[in-house]
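Enquirer: I'd like to ask you about the structure that follows.
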């Protein structure tokens, strides 16, 4: 596939660094496209373009901006299948997921913030008969979005939607593992009427990200990725006092009580570990099951997990796709071997799939370990693959303590038919995204983000729009100025 690498000032352009990288199809190891790494000059061009675009975009009324964003939503939905197919080739995830979720959920978020944009307003308060003040919610300026490789186009839309709705410009850097669909999103924004420069795309590795996080003309950075990189991004951003949003890693607990609907609990645990072949930051990889239903749970879990279809992601029957890269495949397989050595019981899975034409891809069979303990490496560390750890519990207070005993705090879930217990337990979970009797839903209206080392700030929901604004206070004197000097 031939394509320009960058999108700057309303058009696709080539990078000028002379360096290139190759996007690889995770399902077969074949190259998809060769792209150019952005140079410092390219990044400067993107920033200068964004300044010009911001001047035009921020001067528009919120209703005018909303109309353009809604037009982009219309185009995105019309091209859902084409975009989903490209996303599958780039990520290795099953087409049945991408065609239903990835583009659609991102378009929903743009639509949500387009509708919310005209509600941005300030306050007014009288101070005396002759004096009052009012406030304005003003855009920050140029924002940087740095995406991850598991949901490339969805993340690009989640980050650009509130930024653009509030009147900002955005420079977006997708992961170098999945660079393709962000360029398509930029084209669609332009087609919808977005002024040139308001959404630019630069490509490359961590060096390009560092150019953005260090640049004094970038007002805010929104980053999705692993916690170690997030710390570095936040540190770089602090040098110029940038606002930051960080959506980072997790090792989330799911607690299944003895009165839970067993079928639902098993279904949710499978979704929470095997959807997108386990490459989801909110995965509920620590599944705590009450001792009285433990055997029934793992019996059903084993039977149903072994029926999952792993194969060519482009086949609509496929439920488990390919991991993003050979390097990541090796990390997941290493984590599985450590789990075996730790004393956990391998219930099912535990190996790379190489038959049925999958030998050149990065396929790992859905894997479940039982008889796990909290101090085992695979229970403590984020694996980001299709690996579930099942642990027993008997006491409510004890399982709450165990569930919270982690450096992460992204998500948590509780399964019970006791409404009082559901609220009591979920209120004690140290996590930013919590579910009761379900897992994984993330509607545009709901703020999402982490506690502890899982992040800073929120994405989606009404408060996120405010994160892309700054408050200006204006005091008005209607009478004579009272000078303290004669």
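Heads up, the Cβ atoms here are built off N, Cα and C, so glycines get one too.
For reference, Swiss-Prot lists these features for the protein:
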- 23, 24, 90: K(+) 1 binding site (BINDING)
- 147, 148, 149, 173, 174, 175, 176, 226, 227, 228, 229, 249, 281, 382: NAD(+) binding site (BINDING)
- 159: active site, charge relay system (ACT_SITE)
- 241, 452, 455: K(+) 2 binding site (BINDING)
- 247: active site, proton acceptor (ACT_SITE)
- 281: active site, nucleophile (ACT_SITE)
- 281: cysteine sulfenic acid (-SOH) (MOD_RES)
- 459: active site, charge relay system (ACT_SITE)
Enquirer: Name the residues of the same chain, 6+ apart in sequence, whose Cβ is under 8 Å from the Cβ of residue 229 (NAD(+) binding site)?
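Expert: The answer is 206, 223.
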Enquirer: Cα-Cα separation of residue 452 (K(+) 2 binding site) and residue 281 (NAD(+) binding site), in Å?
Expert: 14
Enquirer: What does DSSP say about residue 247 (active site, proton acceptor): helix, strand or coil?
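Expert: Going by the DSSP assignment, residue 247 (active site, proton acceptor) falls within a strand, counted as strand.
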Enquirer: Would you say which of the recorded positions 159, 452 has the most Cβ atoms within 10 Å of its own Cβ?
Expert: 159
Enquirer: Of all the recorded positions given, 176, 459, which residue's CB has the most CB neighbours within 10 A?
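Expert: Its Cβ has the most other Cβ atoms within 10 Å: 459.
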Enquirer: Quick check: of the binding-site residues listed here (90, 147, 149, 174, 176), which one has the Cα closest to that of residue 459 (active site, charge relay system)?
Expert: 147
Enquirer: What is the Cβ neighbour count of residue 147 (NAD(+) binding site) at a 10 Å cut-off, with all protein chains included?
Expert: 25
Enquirer: So which other residues, same chain and not among 23, 24, 90, have a Cβ within 8 Å of the centroid of the Cβ atoms at the K(+) 1 site?
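Expert: Result: 22, 25, 26, 31, 32, 33, 89, 177, 178, 179, 180.
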